[in-house]
Amino acid sequence: MPEIIRFNPNKQHYGTTTLITGYALCSSLLAVINKFAITKFNYPALLTALQCLTSSFGVWVLAKFNLLHHDPFKFSIAKKFFPAAIVFYLAIFANTNLLRHANVETSIVFRSLTPLLVAVTDTAFRKQPYPAKLTFVSLFIILGGAVGYVVTDKGFTLVAYLWAFVYSMTITVEMVYVKHMVMNLGLNTWGFVFYNNLLSLMIAPFFWVLSGECGELFSSVSGGWDRLEPVAFVAVCLSCLFGLLISFFGFAARKAISATAFTVTGVVNKFLTVLINSVTEPKPTPPVREHDMTESGILIWPIDSIDKHY
């Protein structure tokens, strides 16, 4: 049996560009995959739990085959990380429900608000320096574009925008708090993936009951399971696989760059999401879209901000 390779948890073994690229690709693809999966498998809480199960169990299995090393489970560490896992699960659960009630573009617009919120929160609670002036200008352009999108959104529904608000708030807290955990808890990247997904999996049953999804699932099963068609099975499997990949690249990138820059990366890569979504789900687009200003702001941001927040 080959000797296991041990990694220093505080040392980054991949280049920052590689980590950001990996995270951006996974994030942009996962948004479309999750939307497709939730369309074919309309159980967002169960889908989130399956993603967490795949990631935690996958890390455990790969470690057993000496293909990676993760920090062993310790109750003292789990107790410290548990609040971060709760916030993480809330953000994923809110995003999945947002995709259930709205289109991908709406999800992207509200995600584009988070860099401004994260920049302010990171400065207030982690005493990080304020972004540069041009960065703030780009952030407010994004804000203006998002407001314009909401005002002119013909597909507006109260439920969708309530989930969008919950998602924006939880992802902001998650970005800042998990960054604090990553920099202070001392786990390696796979250790964070293991703890985060295992603890989130423990939280999942509570949300099944709270959301009423548990009853829907039992009704579907008792009435004859006809929901998991082959295409749905493939979509769920892809969602779980990319959930594992984004967990790794996400935690690795958090170690390499600031919370604000990490949030920006998650917004910028959504251009690829829009491109993929427009190809896979073609639809007529008006000459002037309401969220053009949002996209302009996102374009201005990386020129001035990402390199200043490493």
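Along the chain as shown, residues are numbered 1 onward.
Even glycines carry a Cβ here, placed using N, Cα and C.
Sequence-distant neighbours of the transmembrane segment (12-33) (same chain, 6+ residues past either end, Cβ-Cβ under 8 Å): 99, 104, 107-108, 235, 238-239, 242-243, 245-246, 248-250, 252-253, 255-257, 265-266, 268-273, 276-277, 280, 310. TrEMBL lists 12-33 (among others) with the feature transmembrane segment.
Mean pLDDT for the domain 'Sugar phosphate transporter' (25-273) in the predicted structure: 84. Residues or ranges marked as domain 'Sugar phosphate transporter' by TrEMBL: 25-273.
Per TrEMBL, transmembrane segment is recorded for 45-65 (among others).
According to TrEMBL, the transmembrane segment annotation covers 77-96 (among others).
Taken from TrEMBL, the feature transmembrane segment covers 132-152 (among others).
Taken from TrEMBL, the feature transmembrane segment applies to 158-178 (among others).
Feature annotation from TrEMBL assigns transmembrane segment to 190-211 (among others).
If you look up TrEMBL, you'll see 231-253 (among others) marked as transmembrane segment.
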Stretch contact, the transmembrane segment (45-65) with the transmembrane segment (190-211), Cβ-Cβ under 8 Å, 3+ pairs: yes
Short question: which residues 6 or more past the ends of the transmembrane segment (190-211) have a Cβ under 8 Å from it? 9, 44-46, 48-49, 51-53, 55-56, 59-60, 63, 68-71, 73, 77-78, 81-82, 84-86, 88-89, 92-93, 97, 181-182, 217, 244, 247-248, 251
Positions whose Cβ lies under 8 angstroms from the transmembrane segment (231-253), at least six residues beyond its ends: 12, 14, 16, 19-20, 22-23, 26-27, 29-30, 33-34, 36-37, 40-41, 47, 50-55, 58-59, 182, 189-190, 192-193, 196-197, 262, 265
